[in-house]
Each structure stands twice: as C-alpha cells, then as structure tokens.
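K.L.:
Feature table excerpt (TrEMBL):
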type     : residues : note
ACT_SITE : Asp476   : active site
ACT_SITE : Glu485   : active site
DOMAIN   : 50-497   : domain 'Glycoside hydrolase family 9'
TRANSMEM : 7-30     : transmembrane segment
Amino acid sequence: MYYLYNLLELLQIMGQFGVAVLWVLLWSVLSIRNVLAIENEKLSSQAFDYGDALRKAILFFEGQRSGKLPASQRVKWRGDSALSDGKLDNVNLVGGYYDAGDNVKFGWPMAFTVSLLSWAAIEYKTEISSANQPDYLRREIRWGADFILKAHTSPTTLYTQVGDGNSDHQCWERPEDMDTPRTLYKITPDSPGTEAAADAAAALSAASIVFKPIDSNYSSRLLRHSKSLFKFADKYRGSYKDSCPFYCSFSGYQDELLWAATWLYKASGDNKYLTYVLSNQGWSQAVSEFSWDNKFAGAQTLLAKEFYGGQKDLCKFKTDIESFVCALMPGSSSVQIKTTPGGLLYIRDSSNLQYVTSSSMVLFLYSKTLNAAHMGGVQCGSVHFSASQIRAFAKSQVDYILGNNPMKMSYMAGFGSKCPLQVHHRGASIPSIKDHPDKVGCNDGQSIYYSSSKPNPNTHMGAIVGGPDSNDQFKDLRSDYSHSEPTTYMNAAFVGSVTALLAQNECESECSQ
C-alpha cells in the first residue's frame, strides 16, 4: 500500500506528461521481460541435431556386433570375434550382439532390443527415411533377428546365453582376444523360461512386419519361428528366474506372453492371438516402468492403439497405459516416479537412462496415438495432460540426454561438445586389434587399460551410458559401470524416442573424436 500511495502521489505531481513517460517505461520493461522469456525458452529447449543423434545411435550397434563382420562394417576399430560360439553343443551361435560393455551374449535383452528397433522402424518410417537410415536400421534389426533364429534350434529349444558371465566380468579383454569360456545356456521343456521364449517370439513378429515389404520370404520365416516360440513359451510355462544365471525375471512371465501375443496379432492378423489377449487381459497391470523385465506398458501401448482403432473390448489396456502416463508426468496427482532437480526421470540408480529412454519411447508413441484418434489427452485425477504436453515431457528427456542438463554434457558418446570419454566398454577402452595386433590378456587389460585415467582410444560412437545420479551429477569414470556402461536395449529405446523429433532437425556441434 505504501508503494501504491507514493506512485499515485507521483502521478499527480507529474501530470499528463509524467503519465506518458511512465507508460513508455512500463512498455519497455514488459518488452524486455518478453524478450528474456523467449531467450529463456530457447535455453530450456536447446537446438539439437536429432538426425545426427539417430544416425549415431544406430551406428552404435555395429560396435556391439559379435561374429564375422561384413565388408560394409562402418565401425573400423572392431574385428571378427567369437567365431566358434555354439561349438560346445555342435550348434551355430555365431553372430548377434554383445549385451553391453562385456563380451557375453544374453538372448532375452537382445530380443527386447530387436523388438524396440523394429517398433521404431514400423512407427516412424517417414522420419527414419528423412535421415537416410532405413537400410542401416534394418541391418541392425536383421543382425539380432538372425541370431534369434539360430538360437531357436528346435521347436522346444532356445539358447538364451553364450559366455560365462562371472569369468567374463572378471576379465578385461577385447572381444577379438576373448579366451574366457563360451558356456551355453538354453531353455527346454525340462528347464523352461517363458519370458525369454515369449520375448524372442515378440522380436521375430515385430521384425517380420519390418521386412514384409522388402523380403517376404525372410519375413515369413521370422513369423513361423515366432509362432513356434510362442507356443513353446505358453505350453511350458515356467519363469526364467529358475533357469538363468543373469538377467533373471522379477516381474513374472505374464507381461511377456501378452507382449508376444500382441505382436503376433499385429504381424499375422490371426484373431486367435487377439482372443488370447482378451482372455488374459486380467494379467495386465498398471505399472511405472517399461524395461527388459517388464513389458506391460509396451503391450498396453500397442493394444490402446487397437482400442482407438475400433477394438473397444481392449479398454482395460487403454486404462492401464494411461495409468503409466500419470505415474510419470510431473504434476500428476498420481505421479509415482520422481525427477532429478534437473528434470530427469529417476527410477533406479543403476543404468537409469535405460528406463528414461524406454519411458520416453512409450510417451511419444501414446501421444501419437492420442493425436491420431483426435483425443484431448489423459486425465490424471484432477490434472489433465494434453497429447502435446505428454510429447513435450518426452522431448525434455531426450534433450536432457543430449545435453540440456545441469552438467551441460551429452550422455551419448561422440555427440555434443562435451560427452563421456571413459565409456565402460572393453573393446572401446583397448586399442583396436588393427592398431595393436598383439593379444591383450585379462591382466594387462585390467592394469593398463581398465585402470587408465585416459580417454578410451576408440570412440564408441552413439553409445548411451547409464547416466547421472539422482542429483544430476556424473563422474566420467570407466570403473563406474552403473553410470558409464552402455547397453543395446538402452540405445534401441533411444532410437525409438529420438525418431519422433526428427522434424525439429537443428544442429549441435559434435564431440571431438
């Protein structure tokens, strides 16, 4: 009141001229404020070259390849490796992807990787074409799918792991030098693993859709194996947690069975798979994560699209995916997942960005479904989120990964002016076999390269690392595997997220190589 009284008194003294001057001053202040607001908006929405990020995210998979590398291999610091995989059982298990920064091939997360890459290829054809990436993306899908086909050696046998995780994790070697045991693990009717078999079925069904227009014979082969794997998974039900050494199931197998049946319905058009989903819709749960272990949100996203397409008996899945959205959106009255002070979804400390990328992929896809169905958005208790708000939040997660964060760094190797240099990855951290042909054994690898404070000699272009802690802090240390190790499924989900943003294709300087 004191300041208001003084202002009125000043206006009386100054008269009309004074009033005009004050109006000019007020207009100037407001104009400056608007300019600052625009500048702040620009700062909070930095311009990134999403096409470049996509290209590098796809290129990452070439650095993860196992087996005989093709002449078209672009990641030149890698060489042929693990050319005898499967020999212990007289089967051919050469190929596929090393899971992360180690030299083990885990079939279950590899299947999830193939599913996510295929989903992106199906949903974002135009966007991926705009970045000239369709052929590259299909090659990476096929590299993983071919391994799943090899691993499915009979209708009731699926190899789920190549390599002994314990001995591998105690050794720091390039895959080209690898001499740790290539132990084989498989699931059979006597030692079932419904999650792994069903996820393999989902991966092959999704990939069959990708290849149907360009290689119908290969697509048909993928679909045949998918149907066989689903039958195996459903008939011999048993959790993979009882027959696995690593990547054991925590959420049970019902989510994978729904995930696989949904993809089989999409790929085959056979109503028996839709009937299966409807008969078991009571399995569906409202969840707050989408991951290699928990596929409910993925199945719900796919089925909600079918709901809006006319399958109104799939309403439960629409309700459940909207619960997922509400659990993630900041400001929701039913939010379950917290964000860091810098705005990053924070689900778990170990490799948190795997959950960020997968959640973002689902949010982008569901906002796309809402827009296509001309729906207003999602109601989360008393708070309403439009499709554009859901998309904007998903975008903020991608932008955080690419550099719009308190550390002002990209969490993708080789992207941005500041990025991780000590990625926890055996092959990247030891000089290429082409530059250093002498064998580097476990001990030398550990003492000379793993323990080195220097940047990796090879930039693992496009690798998304585990990410910052709950306070947005990141120590670029090779030894900190929880935060500096990449995984195939983390990158696959990022591919499925960044493709949604390709229309906003602007430039960001690259990290020096």
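Just so it is clear, glycine is given a Cβ too, placed from its N, Cα and C backbone atoms.
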K.L.:
Between Glu485 (active site) and Asp476 (active site), what is the CA-CA distance rounded to a whole number of Å?
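P.N.:
Asp476 (active site) has its Cα 10 Å from the Cα of Glu485 (active site).
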K.L.:
What is the total of other Cβ atoms whose distance to the Cβ of Asp476 (active site) is within 10 Å?
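P.N.:
There are 17 such Cβ atoms around Asp476 (active site).
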K.L.:
Taking the Cβ of Glu485 (active site) as centre, how many other Cβ atoms lie within 10 Å?
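P.N.:
So the number of other Cβ atoms within 10 Å of Glu485 (active site) is 21.
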K.L.:
For the domain 'Glycoside hydrolase family 9' (50-497), would you mind checking the mean pLDDT of the predicted model?
P.N.:
97
